[in-house]
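As given in TrEMBL:
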type	residues	note
DOMAIN	B:118-343	domain 'ABC transmembrane type-2'
TRANSMEM	B:21-40	transmembrane segment
TRANSMEM	B:151-174	transmembrane segment
TRANSMEM	B:195-224	transmembrane segment
TRANSMEM	B:230-252	transmembrane segment
TRANSMEM	B:264-282	transmembrane segment
TRANSMEM	B:318-340	transmembrane segment
């Protein structure tokens with residue numbers, strides 16, 4: 001039987017006055033994409049860099065393809081592909097030159113020409129990297145990560161700072177790799193990226209895992225049917241006694257008030273009824289299905305984008 | 001495809017795509033040699049400025065001194081101005097008097113004043129009837145190899161090799177560290193020695209061009225002698241470049257910023273600019289220090305190149321120089337590999 005692509009037990013990493021990773025464990029079967037989702041500072045990058053063999057751990061065990069870094073470092077490096085956060089390539093080398101360089105570092109791998117096609121940079125083959133857009137540079141980084149035909153692809157925030165179209169092109173490359181049977185470990189603080197690419201999710205906060213499972217399972221753990229978000233003309237809603245509305249699970253106050261509801265057909269009419277009786281004016285009212293963002297907020301009281 | 005080959009190739013491409021680097025490597029030393037050889041050219045004995053105050057030097061003597069082709073006689077209207085010109089060095093000697101009393105005013109520590117004063121004395125003594133008792137016969141020799149430019153060019157070549165080796169190796173490494181490219185290489189199976197070796201090897205392509213341009217310029221345009229063997233010359237330049245590139249590697253092995261590494265580079269190169277005999281011989285410093293200076297890699301390179309070019313010395317006389325360069329090359333490479341910061 002194949003060993004899991006990645007398995008992590010009781011992993012701990014401490015910096016001087018901070019425990020960046022605090023006893024996490026998870027396992028990634030071969031051929032799936034695991035997303036590590038969390039806000040900045042959650043410990044995602046520290047975790048992925050330990051798995052890539054870049055950082056030493058303070059406690060716990062890490063196995064990649066059933067091997068560990070201390071005894072099989074070079075064997076593993078031949079079999080992983082890595083895209084780090086903000087690596088910048090030499091400005092005056094061309095796309096093909098960079099791919100050739102990276103290809104030369106591995107015993108086995110693909111022809112740079114073929115990889116140009118995979119990441120959609122054929123037309124930019126002789127362009128110097130300084131002339132590439134952010135999305136093209138990111139696809140070049142992906143090309144370098146794929147040049148050795150890796151078994152596992154590590155991506156650290158692959159689309160941060162890119163526009164929507166450029167993000168989709170990066171996602172296409174990753175999905176193509178998955179379709180070929182590859183394993184992916186991805187960190188991100190975008191829930192749409194996590195939902196789109198990941199088969200399994202691990203949500204981290206302050207170095208700990210606060211939720212895990214498939215995106216559906218994690219969202220299902222809220223037991224929520226819908227989220228009602230509304231705002232009133234004159235701000236707050238002190239007299240509405242929202243907690244007592246039937247079908248409301250939790251209330252989050254703010255400029256926009258959010259109600260996590262299990263029974264929309266009871267909660268919504270009651271809410272509107274109370275607003276009408278108090279003669280308040282509705283400025284905004286929305287209803288949406290719960291998302292990973294809502295799970296994160298209800299677990300931590302903060303948004304993913306806040307650090 | 002071999003790692004070293006591709007790493008070397010990309011490093012080399014990056015260099016030739018950097019126009020500023022081309023300037024510093026090729027044009028700068030040539031311009032420097034031109035300017036310095038012009039400023040320090042051997043003009044023989046210069047015409048000396050000799051001053052007198054009107055009315056204080058007899059007419060016969062004024063005529064006698066004006067007839068001397070190496071004396072430029074200047075008349076002053078008053079003593080104050082004349083004294084000031086003498087103090088400032090614009091005038092080498094102030095002369096006054098009439099036969100039989102000659103009075104000379106000059107600073108004996110200034111060579112040109114001393115020469116001018118002897119010339120004036122001889123001239124006026126002869127004019128007033130002194131007879132020479134010894135017949136002097138002179139043979140004049142001007143042979144290439146003794147001019148300042150002859151001394152300078154090998155030193156300039158050494159200094160340029162040092163600059164391009166240390167800058168050319170050090171700066172790109174720090175830049176790659178800043179761009180996290182070194183960190184990216186760390187997650188590939190790249191051998192660390194391959195990477196560091198490639199940084200040194202990539203220097204050789206332009207090393208050859210650099211040495212040829214500067215040497216050919218000196219030998220063919222400025223007439224600097226080249227008396228030794230080309231093979232020994234190549235070995236010396238090659239070893240010099242390796243050991244200095246090794247030092248560049250070491251200098252850049254920890255630094256995180258360009259500013260930081262610039263400081264270390266200046267700190268490392270400054271003593272060699274001064275004590276390795278680039279612009280002037282280190283023989284000017286007390287002899288007790290010479291053994292220490294000879295252990296500097298640039299001193300070894302400059303001494304070797306200079307003896308080879310000017311005196312035609314062979315490799316069998318350069319044991320010290322070759323050993324010093326080899327030891328520096330090995331030590332700096334091993335030390336750099338050990339302390340190198342990849343992240």
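Every residue, even glycine, has its Cβ placed from backbone N, Cα and C.
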Any contact, the transmembrane segment (B:230-252) to the transmembrane segment (B:21-40), with at least 3 Cβ pairs under 8 A: no
Folded-back contacts onto the transmembrane segment (B:264-282), same chain, C-beta under 8 angstroms, at least six residues removed: 36, 151-152, 155-156, 158-159, 162-163, 166-167, 170, 247-248, 251, 255, 289-290, 293, 296-299, 301-303, 306
Beyond the flanks of the transmembrane segment (B:151-174) by 6 or more, those residues with Cβ under 8 Å of it: 11, 14-15, 21, 24-25, 28-29, 32-33, 36-37, 40, 182, 199-200, 203, 206-207, 210-211, 214-215, 218, 222, 224, 237, 240-241, 244-245, 247-249, 251-253, 255-258, 260-261, 265, 268-269, 272-273, 276-279, 281, 297-298, 301-302, 305-306, 308-310
Same-chain residues at least 6 beyond the ends of the transmembrane segment (B:318-340) whose Cβ lies under 8 Å from its Cβ atoms: 192-193, 196, 200, 232, 235-236, 239-240, 242-244, 246-247, 249-250, 253-254, 294-297, 299-301, 303-304, 307-308
